[in-house]
């Protein structure tokens, strides 16, 4: 979008395949902000249209506006049909004012039936109540209004464009048939003795025959009504470039302009106008006979037909590469079976629109159906096919309490679920957003392609002019044989102009421009199919294809992390082991650990809850990231002022001076060699005159077992077999970290342990600077795999950030790739797919460049001196040049689509890795 050079624009993302763009721009923060935004949006649309593209505004909204439906409140637009007088808007507002938990943001008017509201749902108050209140008014009918999505607008605009091209192609085809009969069949295959041929081919006026007049009429119709789609866009481009106030520097207007439309327009225009000029010259000069080789009217017709046909096929192929979002959107059901209770407590099933559901609604999911929103199973047991969302091919058993995802399919008995996510907030919706976001992000190689195509049109224009001049000079100077002019009465200029037309037509920057976005779009769809979301788009694919080193976080990544358990514990009294259990101690430990979201903290809370139902309160809570927590409580010994308590790892104990005895150290070492993490509890009185009791003493030791993921060992082996270094980064102690590494095949020297969360990013930087790339002299490309909040900085610093899908929103937000189904085999998939996709980008790019490097010289007549067996010459006629041009773009798109085929060497096939 080189033309959008306004100082108030801050960011532009263009999705070439989706035919949409997202533009961020600045407005002043005052009462006129909305008016400013609308004016600038209109300016953007106008500028894009001046550049030769069709454009319309999809949505205008503040960048930092909250997501609709997020949190306890829900914001949406209602469309009220049936308002026919000035009193109707008032009736709507009176209906809405009866709800205390509702605020009207934008009131409806007689001209605008849209009403924006914010409300807080509750068990007794939902969007269904709001709509029912409005519908209670006579002749009014309310429904949730959904602005047309960018994808829907792109699809509609693409359909309009395809229809425009289709009708012109049909019109041109109808004319091309008689043109073919007159211009080719009668000229080449019908005997000269046939009366109709004599009538057509004999000179009629000024040496011009009837066939040439007929071809002129047909070519004129095609030029005006068939090729106009190219002329209009080319004219807009030139007008935008040279209009008063244009922001393009004068000099740059001569060497950086135009698009494919301009080349098509120039090719047909030169062929048509030069032929018309020949007719005018013949009318003035009155020759005996005008040669059919002097005019290119049939070329104009067939050239336009091939160009339009090529655009039709290319448009269809592009829509096939970019349909991943549409396919995902179709997984979401539009209706739901709402289950409510009647006065007698019996279930009543009602079919409602999925948009009318609220959190905590109960919905029935019959066999073969999909949940309308994410929810929690509350009644029944079943199996779900989650392959469409997570890529998991096996049916997943679901019991009461399990999460059920929208877009998955119930493959067994009917169940009831409780909605846990508002419409538009399901995992499927997040996947669609990520795929859409990824399609708009471009690979660095695309920037090179953009730079190349920016100079392509002026370069080809200059080459075509030089081609015409050189052939004309060679001809008039006698440097080439006069036999080249056999059958051509228009002289060397008529001979030369054909080469110029062929150069204009055969040159195709579209193949270069489509090389990367088509491949990344297909790759993104394939990745989603296998449970990998590509947030970083083409750039992520390009970098991931060069990965030399993968760094794994331990807890929750290499280990399951979801529900670690306490397997051993030992209590201590003044440093000595004791068997006397203490409910008060476990109550305080639970109160402390409830303030942390770490998986180990959750395991300790669960263990303490099983030991006692007693509750305690703690204050002055301090957390040391990656080590543990400290707090104050008076629950243990009420007669004292209180106790300070520390719960954490050995490093935290050392920090607070807690003594670890030899026997305790031996116990901890035994646990750690079993690949278990350890946690210690130490405490001391808040006030004491006794020096010995004023220091922290160990009160309890616990071992935490976090099972290693079943597939971890196979994944590590596969990565290392592909010459990729594997490292582990953990905040756990060295013994436990190395024990886990030993189990799964990570070398002991590649384990970095006892790392604080704020140090993880520094460790990634150290690896980036110290490791060398396997396939070049540059530094290694390092990928980081993590799941927690404390992994987010490391994911950001790494060249490629990979988040486990069950991890925190912060970690996922910092990642380039997201593994939806929490399976480490997705890492192998994304690396192999990235290499396949980027390899295909390079193949596409090389093919498009080689095509132009070979086709343009042939079109320019570089090999014309070589005679063919039929006593002709090696050249590319403008008609065949147009077909070759179309095939360049189509072949690039088909090459990208072939990734889906699964054919060895041509498509992508997932490598099966055992658990």
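Backbone N, Cα and C define each Cβ position, glycine as well.
If you look up TrEMBL, you'll see 165-191 (among others) marked as transmembrane segment.
The transmembrane segment annotation in TrEMBL covers 211-230 (among others).
Long-range Cβ contacts of the transmembrane segment (262-283) within its own chain (Cβ-Cβ under 8 Å, at least 6 residues beyond either end) map to 205-208, 212, 216, 219-220, 223, 227, 230-231, 233-234, 237-238, 290, 294-297, 299-300, 303-304, 307, 457, 460-461, 464, 490, 494, 497, 500-501, 504-505, 507, 509, 878, 882. Summarising the annotation, TrEMBL assigns transmembrane segment to 262-283 (among others).
According to TrEMBL, the feature transmembrane segment maps to 295-313 (among others).
Break the domain 'P-type ATPase A' (350-435) down by DSSP state and the numbers are 16 helix, 29 strand, 41 coil. Feature annotation from TrEMBL assigns domain 'P-type ATPase A' to 350-435.
Residues of the same chain lying 6 or more positions beyond the ends of the transmembrane segment (452-473) and with a Cβ under 8 Å from any Cβ of it are 2, 254-259, 262-263, 266, 479-480, 492-493, 495-497, 499-501, 503-504, 507, 509, 512-513, 856, 860-861. Among the features that TrEMBL reports, transmembrane segment is placed at 452-473 (among others).
Look at TrEMBL and you will find 493-516 (among others) tagged as transmembrane segment.
What TrEMBL lists as transmembrane segment is 845-866 (among others).
Taken from TrEMBL, the feature transmembrane segment applies to 878-899 (among others).
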- Is it the case that the transmembrane segment (493-516) and the transmembrane segment (211-230) have 3 or more CB pairs under 8 Å, with pairs at least 6 apart in sequence? no
Outside the transmembrane segment (878-899), at least 6 residues beyond either end, the same-chain residues with a Cβ under 8 Å of its Cβ set are 267, 271, 296, 298-299, 302-303, 306-307, 309-311, 313-314, 317-318, 320-321, 498, 501-502, 505-508, 510-511, 514-515, 518-519, 521-523, 526, 836-837, 840, 843-844, 847-848, 851-852, 855, 859, 906-908
Taken over the domain 'P-type ATPase A' (350-435), the predicted model's pLDDT averages 84
